[in-house]
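Features of the protein shown, as given by TrEMBL:
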DOMAIN    A:9-102  domain 'Pseudouridine synthase I TruA alpha/beta'
ACT_SITE  A:Asp51  active site, nucleophile
BINDING   A:Tyr109  substrate binding site
DOMAIN    A:142-243  domain 'Pseudouridine synthase I TruA alpha/beta'
Number of protein chains: 2
Amino acid sequence: MRILLKLSYNGKDFHGFQYQHNYRTVQGVIEKALKKMHKTSVRIHPSSRTDRGVHALEQYCHFDTELNIEPDQWHYILNRLLPDDISVREVKEISTDFHSRFHSKGKTYRYSIYTSESVNPFHFGLKTHYPDRLDKEKMQAAMAPFIGTHDFTSFSSAKAEIKNKVRTISEFRIEETPDGFDFVITGSGFLYNMVRIMVAYVVQVGAGKREAATEEIISRKDRTIVPRTAPAEGLYLEKVYFE
Amino acid sequence: MRILLKLSYNGKDFHGFQYQHNYRTVQGVIEKALKKMHKTSVRIHPSSRTDRGVHALEQYCHFDTELNIEPDQWHYILNRLLPDDISVREVKEISTDFHSRFHSKGKTYRYSIYTSESVNPFHFGLKTHYPDRLDKEKMQAAMAPFIGTHDFTSFSSAKAEIKNKVRTISEFRIEETPDGFDFVITGSGFLYNMVRIMVAYVVQVGAGKREAATEEIISRKDRTIVPRTAPAEGLYLEKVYFE
């Protein structure tokens, strides 16, 4: 039997999703709860391996089990076993053909920035502080050319080993918040650090620290033109879309 | 020269205000920053030594210095040296007669509870989760008799060594929030754990787990009648009043 979990978690106190020996990770914490129930190790498979400090408003993972437990009970028992910075929001029994990662066809990310003059301690680990004024129109002008299908080499980490860097972005917009901006971005897939590099570039344009030249930067396919990566703490996986 | 700092901090990752060897505390972090500036140890004196996990929307502390620095510069330099879960909001030069603790004549605390069915990971360490329905009218009926001057022995930690347990409460009210309640309480002074014990009692009444009997409990002067203490994570020092 294959079980699909819909999760949300606060990434602040996790060293990312993926299991790491001696570090607190989302996978480590969930697999520990599952081990308690199964008395043996159970491997989970997420839609996305979020990095250290990155949050999830919606994330999925699946696992295989021989326990004969109803979805409602999985939901209840797992939330009892899990710490309070992670929450199981839905449990479904799914076909054993289904894979959380391989059958996802797109994602929405949210990146949250606040712009008040001084640090707000209650945004600690949850939003990125940027104390300079950001020009919304300038940012939107820099964001518009991302929509469509492009080679995103200039906006991916040099560490990315993947060959095909063509991705399709269908949405990239700003939502105003009481003390700043959220960027909302939807795409078919994202390269390593791609959202954080795109946001860092857009914010630099908004702060007047560089000119918008999105088409040119994309066409140069050179990571060194956009050297910054926005901090993890502002990034939220917001939605995962399946086929 | 005596300097007064107005601070706010997120208590989640601090082991309370007071200095402790080998633990991260608010005092430890501030004194470390001051030591960098003075090249020697500087002792700070807060209005209130908040417990582990307790937050401050407004807290004061003072220290004596021979550095000839303008308040604006103290403000700027200290915020550069301090971590992002603590913020200096104001700096003033004050009389050397003034003491942050001895000259405070009252405080307001806020206690924040959310009542959604499941845990919200983004309230982790910042609000207390209480999944049962709470009856606002019942809670208000239990809260009203606290107003006035009473011996609060029944609502203070057995650990409190102080003799005089008479305090005056001038305000105790509920503010509704998008997913729960905040309790706002103002008084001339508070015994150890007093707010958290009062809130635990009121919440038990609101959940229908005990009857409101505030006058009687106060008059019995017996801590064992109210055995619970609400968790630290929901508690905020909100205001400090001076003579």
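Even glycines carry a Cβ here, placed using N, Cα and C.
Using DSSP to sort the residues of the domain 'Pseudouridine synthase I TruA alpha/beta' (A:9-102) gives these counts of helix, strand and coil: 27 helix, 22 strand, 45 coil. The recorded positions listed here are A:Asp51, A:Tyr109; among them, A:Tyr109 has the most other Cβ atoms within 10 Å of its own Cβ.
DSSP places the residues of the domain 'Pseudouridine synthase I TruA alpha/beta' (A:142-243) in helix, strand and coil in these numbers: 34 helix, 32 strand, 36 coil. If you measure from the Cα atom of A:Tyr109 (substrate binding site) to that of A:Asp51 (active site, nucleophile), you get 13 Å. Secondary structure from DSSP puts the residue listed as 'substrate binding site' in a beta strand. Per-residue pLDDT, averaged over the domain 'Pseudouridine synthase I TruA alpha/beta' (A:9-102), rounds to 97.
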